[in-house]
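Asker: Got a structure here, written out as C-alpha cells. Questions coming.
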Amino acid sequence: MLNFIKSEYYRMIHTTGIRVFFGILSVLTILLISGISIVETQYHTTSFSYSILVSSPMFFTLMGMLTASVLYEDSKRNGIIKNSIANGIPRGKVFFSQCIVSITTATVIMTIVLTLWIFMTELFLDKTGPVHMTDLLMEIPAIYLIAVSSIVLTIVLCLCFQNGAFIFFTWLFVFFIFPTILLKFGIAVSAHFKTDFIYNIAMWMPSNFFQINTANVNMSSCITAWDTTGGMLRCIIAGISGIIIFMAIGFRHIRKADL
Amino acid sequence: MNRYVIETKQITKTYNPRSPFIALDHVDLHVSEGCIYGLIGDNGAGKSTLLKLLAGHIFPTNGELCLFGETEEKALCNIRKNIGCLIEYPCFVPGMTVEQTLHYYAIQKGVPDNKKIGEAIQLTGLSEKQHAKCKTLSLGQKQRLGLAVALLGEPQILILDEPINGLDPSGIVEFRSILQQLNEQKNITILLSSHILSELQHLATVYGFLNKGILLEEISSEALHAKCANCIELTVSDAEKYTVLLEKIFPEENYKVLPGNTIRIYKPHETAESFSRLAAKNDVYITKMQTLQTSLEDYYMELKKRGAVKC
C-alpha cells in the first residue's frame, strides 16, 4: 500500500492537474483579498474577509470534492486502477490509498491557501467587525471531517463513473439536493403528522444544519454551528458518519465490481 | 512433469444477469511453466474476458482460478506481483512521459533499481521516445510501453492481450523476437491472445482454441504439427509403377494421382522414409517429396465447425 501511495505522489508531482488547481486557488485568494483591500467600502475589513469562509462552510466540502476529482476523475480511463490491481495491489488498498492521497493533498492545499488568506487579510484589511480569525480557525476542526467525507464520496464516484459531469452532479445530489428534499419533506411531515423523525434525520446532514445554524454570520453578528459544544459535536459526528458510510460503500463496490 | 502456473477450473463468466450473456463457459485452461501459450479465438470469443479474470480485473461467476497452485483471493493478489499484464488497450496517464510512467510503475511495484527502467526502455525500443508524453505516442508505441511496464519487477508470467495490435511489420518481428528472447533466456511463461493466427504460429508452443466462450481444444505445437501434417506429395519418375507398388505393399494408404507424375497420399499410415525406400528398391526415382500441412487457420475453422456441431 505504501508503494502505491508513494507512486501516486510521484504521479501528482509529475502531472499538471493538481498544480494548476492549487495555482488557481492561490491566485483567486490573492485577487479576492486584493480586490477587497483596494476598494474603499464598508467591506474593507478582516471581518468581511473571514465571513466569506465562515458563512459558507460547505465551500470546504466543494474544495475537497474538486481536489479528489482533479486527482482521480480520470483514474479509470488512465488505467490507474486496472494496472494497479494487475500489479497485485489488493482492491481495498487501492481505494483506501486513493482516499489517503486525496485527503493529505487537500489538507496541504487547504493549509497553504488558508495561510495565504489569513496573512493577506491581516496585512491589508482593517481589523474590525464581529467575525475574527478565531472563528475561521474554529471552523476548520468543525468542517474538516465533513470535507474528508466529501473526498471519500468523490473517490467512490470516480470508481463508479468515468464522466466528470456525472460525478459532480451525483456529489451535488448527495451533499445538497437530497438533504434539501429530505428537510422540506421532514418539515411537511412534522406539520401534518406531528412527528419530527424525518426532520431530525435531515438536520444531521451538514448542508441543512450549516444552512440553518450559520445564517447569522454577517457584518453585525457571528453565530456559527460550531459555537456550542453540541454544535461542534454534531459537525464531528456527521463527518465521521459520512466517512464510515462512504468508505463502506467504496469498499463494497471495489471488492465486487468488474473493472 | 511441468507444473501449471495458470489453471482455471470450470471457469464461467456471465455478464448482465437479467439477460445473461455467457462470455466464458466452463473453461479449463492449463498453462505450463516456461511455455508460450497462444490463445486463439475470434473477436468476442472470450479471450480478453479470460485474461481480465487472470489479471483480477473481473471476477468469475463460477469456477476457480489457480495461479501457481493458489486459489485464495489474498494469495492471488500476492502472486499477481509476479505477473506482468498488458490487457486490451494500453492506458497510461497522458501527461506523463514514457520514463515517468515507468518510474511511476516501478515505485508501485517496489522496484528499487532505476537500471531496470533503462533496461525496459532499451529492450522495448523506446529509447528515442523516453522523454515523449504518453499522449503523443502511437498505438504501437503504447503497446511497447505496456510491455515495458509489464516487464518491470522481473515477472515470471507475462499476460498479453493482442500485443501486436497497432504494430508496424518491423515492430511485429521485433516484438516477436523480444518475447522469444524473454521466454528462452529468462524462462518467462507467456500467455498471449490474438486473432492473427499466423503471428501465433511463429511463437506459441501451446495453443488454446476459444470459441463463443468455450475452450474447444488445448494442444501443443508438436501435436498440432503432427495433426496438421496430413498429406505427403511425391513426384516420381513412373507414377503408374509406383501406384501398383503402393497397392501391393501399403494397401491401406489412400492416394490420388495428379498430373505430372505426382501422387498425393492422404493421412499416411507409413512414414516418408518408407515411401522413399519403396521407390528406391523398385527403381522408381523420387524427384520431389513434401509434407503438406493443414494451415492453422484451416485447423481452427474445422475445430470451430466441430465445436458448433457439438454445441
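Heads up, the Cβ atoms here are built off N, Cα and C, so glycines get one too.
OK, TrEMBL features for this one:
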- A:20-38: transmembrane segment (TRANSMEM)
- A:50-73: transmembrane segment (TRANSMEM)
- A:94-120: transmembrane segment (TRANSMEM)
- A:140-161: transmembrane segment (TRANSMEM)
- A:168-193: transmembrane segment (TRANSMEM)
- A:231-251: transmembrane segment (TRANSMEM)
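So that I understand the layout, could you describe where these features sit and how close they are to other parts?
Answerer: Sequence-distant contacts of the transmembrane segment (A:20-38) (same chain, at least 6 residues past either end, Cβ-Cβ under 8 Å): 44, 48-49, 52, 63, 66-67, 70, 109, 112-113, 116-117, 120-121, 124-125.
Sequence-distant contacts of the transmembrane segment (A:94-120), counting only residues of its own chain at least 6 positions beyond either end whose CB sits under 8 Å from a CB of the stretch, comprise 1, 4-5, 8-9, 12, 18, 21-22, 25-26, 29-30, 33-34, 37, 49, 53, 60, 63-64, 67-68, 71-72, 75, 81, 84-85, 133, 136, 140, 147-148, 151-152, 154-156, 158-159, 247, 250-251, 254.
A Cβ distance under 8 Å defines the sequence-distant neighbours of the transmembrane segment (A:140-161), meaning residues of its chain 6+ beyond its ends; these are 57, 60-65, 67-69, 72-73, 75-76, 81, 95, 98-99, 102-103, 106, 110, 114, 167, 170-171, 174-175, 206, 224-226, 231-232, 235-236, 238-243, 245-247, 249-250, 253-254, 257.
Same-chain residues lying 6+ beyond the ends of the transmembrane segment (A:168-193) with a Cβ under 8 Å from its Cβ atoms: 58, 61, 65, 69, 150, 153-154, 157, 161, 199-203, 205-208.
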Asker: By Cβ distance under 8 Å, which residues at least 6 away from the ends of the transmembrane segment (A:231-251) in the same chain are close to it?
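Answerer: For the transmembrane segment (A:231-251), the list is 92, 95, 99, 141-150, 152-153, 155-156, 159, 204-206, 209, 213, 224-225.
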